[in-house]
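So that you can see what the record holds, here are the features copied from TrEMBL:
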DOMAIN    A:30-140  domain 'PurM-like N-terminal'
BINDING   A:ASP32, A:SER47, A:ASP77  Mg(2+) 4 binding site
BINDING   A:ASP32, A:ASP77, A:ASP216  Mg(2+) 3 binding site
BINDING   A:ASP49, A:ASP77  Mg(2+) 2 binding site
BINDING   A:ASP49, A:ASP124  Mg(2+) 1 binding site
BINDING   A:HIS56, A:ASP268, A:TYR321  substrate binding site
BINDING   A:GLY123, A:ASP124, A:ARG148, A:SER218  ATP binding site
DOMAIN    A:152-306  domain 'PurM-like C-terminal'
BINDING   A:ASP219  Mg(2+) 5 binding site
Protein chains: 2
Amino acid sequence: MLSEFGLIARYFQQPGLANAGPWSPQLGIGDDCAVMSVPEGYQLVVSMDTLVADVHFPAVASPELIGYRALAVTVSDLAAMGAEPAWFTLGLTLPEANSDWLAGFAEGLQTLAQKVGISLIGGDTTRGPLTITLQVHGLVKKEKWLSRQCAKPGDDIWVTGTLGDAAAWLPYLQQGVEEKPTDENLRTLWNRYYFPTPRVVEAQKAVALGCRCAIDISDGLLADLGHILTMSQVGAQLDFSSLPASQALQQLLPELEKQQQIMLTGGDNYELCFTAPPHLAGDITHSLSPLCPVSRIGQIIETPGVFTTSGQPVSISQQGYQHFN
Amino acid sequence: MLSEFGLIARYFQQPGLANAGPWSPQLGIGDDCAVMSVPEGYQLVVSMDTLVADVHFPAVASPELIGYRALAVTVSDLAAMGAEPAWFTLGLTLPEANSDWLAGFAEGLQTLAQKVGISLIGGDTTRGPLTITLQVHGLVKKEKWLSRQCAKPGDDIWVTGTLGDAAAWLPYLQQGVEEKPTDENLRTLWNRYYFPTPRVVEAQKAVALGCRCAIDISDGLLADLGHILTMSQVGAQLDFSSLPASQALQQLLPELEKQQQIMLTGGDNYELCFTAPPHLAGDITHSLSPLCPVSRIGQIIETPGVFTTSGQPVSISQQGYQHFN
């Protein structure tokens, strides 16, 4: 018999998870609600993600990987706002209360929670098909946040890290490969799928420099940049030769066209795509490149749509997010 | 094909649902996060509930009822803190995108949202077995909130409304009765199951009078009062003759012992149980009884455990929450 209260206490009330960040709640797990103070001069930002077993992650994956990745992809939405992670809640639906699974899952959550400084403050555990809902709460200084609506013609388009790596792991996932590969290039893809790095600090630096427009790349560059373009009522010109490919991707997909296609449409990568006026280019490179690669991949234009540098409409299928099954 | 963005826009971005209360978000549905301001002098309280089809509600029930009840039971946690409802997020997992179902579900949510003044600010829709996760966000004045930890020996124990009605509907639910009954007493039970009233205003009045300890009765009086007793490290003496039974319950369960058993252990009722120093009794009756019945059902004592007025330990099975299946 699954005992809700027992479960929560044993696996999720550990100090390392319930007090993983600097923003302790005044009242955490165990009452009807958690109680928090939002410091003066700050605003609250929140995002919720639901991850369904065998749709958004393989149910057979190790619980540590599932926990780490679930929290990482949700925190990535805080990064896309330039927010500082503060608190999260967990709605966990499980077919059965398996101690090993729960311990591993909590460990995976905790590793990411401590990395970004986010504390578990509450949630709900229920019996049913394996589904994970996470809500993350972050803090931004008043009016100092990133949205999808603020791209302006003339802005440069930037991305952090490299593109397409996690998506390039999907075929192996579909073949049922679960173990960490021994091949170094494959291991890079595996790592990029299971251990996405929410670009929290990078985004905060971008906000501090004056950037106001960003999205995290969950569904693929074209799909997610597309949200920025629609909401900002602008278009984009992309320089395909500037798309950042990892060494692993270059070696595993030597054909340039395939490389570009996966960088443009592959999801699950959780890098940041942001725009900035050209005069910030030097500051961005100087400030962000010590943290992670940053690449200027194009420009915002007035004409709606996405075009190559030679003015051709981008005809690659814009189908973005590919569930792994 | 379930299109996440289309669904959200069509059913959940309606003004009546996205702006149902006085606390509009600065940025609502449609970006990576919602952005809200917590007014100075207030604190944020949050709670998350997950409801699984055929565990927490009958999957075949009408979507309006499912939506209304799901939000009502979650908002009830805000009531238990004495909080003012402000915002909610929705994680909805659905086997298929059925327009009729979604329209009905959104309507049910909206009816309750407008009743308590809570705005939908974001969430996630995914494909999978029907599961509803709701997170509610409320506002409390600094340090003016109710918790489970503050019961003191000598306090009176109060409950709002009547007890056991929703639980008395469960046998009919288990028999597959879905339609609104024609019998008046049965209709009362049906109404109490599907349309619980989160005691939001009553709780705020209790806070204003100086009350500091409450819980909402989701799992049954003994189970939930038990949480207060454990967390406050006290016990309780209950006057069974003061337990508030509705006329419907009295007529459908004329045997006193059965009535009392279901009032003590029946869940799904979402009334408030709170404690208060005896000198507040007059104010509580005066202030709350115009809104709903309030009953003083016992007293907090130092000795741990629950006892009758004659000092007998309460031996009725403390099994509280009964899932309907």
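Numbering starts at 1 and runs along the chain as displayed.
In case you wondered, yes, glycine gets a Cβ from its N, Cα and C as well.
Bear in mind that TrEMBL entries carry predicted annotations, made automatically and left uncurated.
DSSP classifies A:HIS56 (substrate binding site) as coil under the three-state reduction.
In three-state terms derived from DSSP, A:ASP124 (Mg(2+) 1 binding site) belongs to an extended strand segment. Of all the binding-site residues given, namely A:ASP49, A:GLY123, A:ASP124, A:ARG148, A:ASP216, A:ASP268, those whose Cα is no farther than the 10 Å limit from the Cα of A:ASP77 (Mg(2+) 4 binding site) are A:ASP49, A:ASP216. Note on A:ASP32 (Mg(2+) 4 binding site): other Cβ atoms within 10 Å of its Cβ, all shown chains, come to 26. A distance below 8 A between C-beta atoms marks A:HIS56, A:ASP77, A:GLY123, A:ASP124, A:ARG148 as the binding-site residues from A:HIS56, A:ASP77, A:GLY123, A:ASP124, A:ARG148, A:SER218 lying next to chain B. For the pair A:HIS56 (substrate binding site) and A:ASP49 (Mg(2+) 2 binding site), the Cα-Cα distance reads 11 Å. Counting only same-chain residues six or more apart in sequence, the Cβ atoms lying under 8 angstroms from the Cβ of A:ASP268 (substrate binding site) belong to A:VAL73, A:ALA166, A:ALA167, A:TRP169, A:LEU170, A:TYR193, A:PRO196, A:SER218. The two recorded residues, the residue listed as 'Mg(2+) 5 binding site' and A:ASP49 (Mg(2+) 2 binding site), show a Cα separation of 13 Å. Of all the binding-site residues in the record (A:ASP32, A:SER47, A:ASP49, A:ASP124, A:ASP216), the one with the smallest CA separation from A:ARG148 (ATP binding site) is A:ASP216. Broken down with DSSP, the domain 'PurM-like N-terminal' (A:30-140) shows 35 helix, 46 strand, 30 coil.
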